[in-house]
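Enquirer: What TrEMBL records for this protein is below:
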- 128: active site, charge relay system (ACT_SITE)
- 203: active site, charge relay system (ACT_SITE)
- 227: active site, acyl-ester intermediate (ACT_SITE)
- 66-508: domain 'Amidase' (DOMAIN)
C-alpha cells in the first residue's frame, strides 16, 4: 500500500526537524573518550548455559561457590565500565552457594531428585531493579525513592529462587522504566558492552548489559513497549516477552494502571537459548500449563511469514540495509533447512504502530479509571511533578529527572484519554489480521528496531522507533528476541520471532534453531 503525498510530506518534515535538533545536540554535546573495551571472558565457567551449570553443580563437577565466585569476579571486572549492576549482594550469595553445596553433599535421593525439585540449584541470577527483591533497592531509578528497600520478592523472582537460583544483585533501568535508554539520576547511565559509547536499551538495559558482558547467565525483565526485546537486541542476547497474564507482574515498580496490565509481560533474559524454556516454565508458576511448554515442536510443520518493515510510518526511521539483509538470510536458511516457504506479507496497519501503542496505553480501565499520569509517578511519594518547571530546572542542571522523563510528562499533558475511532479501527483490523495469519502454527519474523544500538542520548531524536516492539505489546502476542551475529560495526544484529497468543513454545523452538544457525551470543571482549 503506497504512501499518500500528505504522508510523504509529513515524513519528510518530521525527519528534517529531527535532523536539525540532532545536529544542534551533537554540536553542543561533550566528547567522550573513546577506545575503552571490555576484557575478554577468561573463565570457562562463564561460557556455560544455566542448564549446563546446574547439571555440573548437581553432579559435583563444580561447586556452586566456584560458579558464584566466577560471576562475582566478572562483575567486578566489567561493571566499572558498563555500570549495569547498581547494588550487589555478593556476601549473601556466597553464603547461599555454600548452603547449596552442603545440600548436594547431604542429598541421598540422587541427581534426578534435585533436578526435579531444584532445576536451577546453585546458578547465579541477575534481577532488574524495578522487580522487588527482598532486602535490595526498589526505586526504578527515581531519586525521590532513594532508600526504598524491597520487603518481599516479586513472584517470578521468588519462583526462580525457589528453583535454586541465587541472585547476585539488581541492575539499572531507565527512569520509571519508560524509556529506551537505561539512564537515571540515581544510578547514572549504563553502557553497551560491545561499544561503551552506545546504549544497552531500556528499560531492562542493566540486565541486557550485564548478561552480554558475561557478568550474569540468566536474568529477569519486564516489557510494556519492548523493554525486554530492545535490550536483548542491542546486546546480542535472548529474551522472551511472554503472552500477557501468564507470568505475574506483581511487586514491580511502577505498577500498571488503566488497561496496561493487558500489555505488560515479565519474562526471561539469557545468553543461551536453551535456558529460555526452563526459565519460563519456572517463572510461569501455576500458569505454566497454559503455554504447552512440554509440546515437541517440529519446525518443518510450521507456517513461516516475514514482514521486513512497518510499511513507512511517519514516526519511525527506515530499517537499515544490514538488518533487512540479516532477516532475509533467516528466511533463506529456513527455506533451505526445512523445505518450507516463508511468505512475505504486508499488514498496512503496522505503519500506525506508534499511534496505536500511544493511545491504548492511555485508555482507562473497565471502571473508567484512567492510568496514573507519568507526572504523578515522577513526584512519588509527594505531589505530582510539574513537567514545565522540571524542564526549566533541567536547563539549569537542577532537576532530579532525566530529559527523557521530563519530555514524556510534557507530551502527556497534551494528550487525551480517548483513542480516536480511526486508531481503534486500525488496531482492531491489525489484531484480526495478525491472529488469522498466525493461528496456532504460524511464526512471524519482524524487525526488532530500525537500527543497531544507537549512541548515548540519540533516542531523544528517534523517540518512536520502539514502535517495532511496542505494537506487539498492544496485540498481546508472545515474542522471542534472537541474536543473529554482529554487523559491520561489530554491534549485535537480531530479529523478533512472533507467534499467536499462548503459542510461546513455537518461538522458543525457533530461538534454539537460530542460535545453532547464527552462533548466538558473542563475547564482546573478543577480538
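Including glycine, each Cβ sits where the backbone N, Cα and C put it.
All TrEMBL annotations are machine predictions without curation.
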Enquirer: Restricting to the chain of residue 128 (active site, charge relay system) and a gap of 6 or more, list residues whose Cβ falls under 8 Å of its Cβ, or answer none.
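Expert: Those within reach of residue 128 (active site, charge relay system), by Cβ under 8 Å and sequence separation of 6 or more, are 170, 171, 173, 203, 204, 206, 207, 219, 220, 221, 222.
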Enquirer: What mean pLDDT score does the domain 'Amidase' (66-508) have in the model?
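Expert: Here the mean pLDDT over the domain 'Amidase' (66-508) amounts to 97.
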Enquirer: So if I draw a 10 Å sphere around the Cβ of the residue listed as 'active site, acyl-ester intermediate', how many other Cβ atoms end up inside it?
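Expert: There are 35 such Cβ atoms around the residue listed as 'active site, acyl-ester intermediate'.
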Enquirer: Hey, what's the Cβ neighbour count for residue 203 (active site, charge relay system) at 10 Å?
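Expert: Its Cβ has 33 other Cβ atoms within 10 Å.
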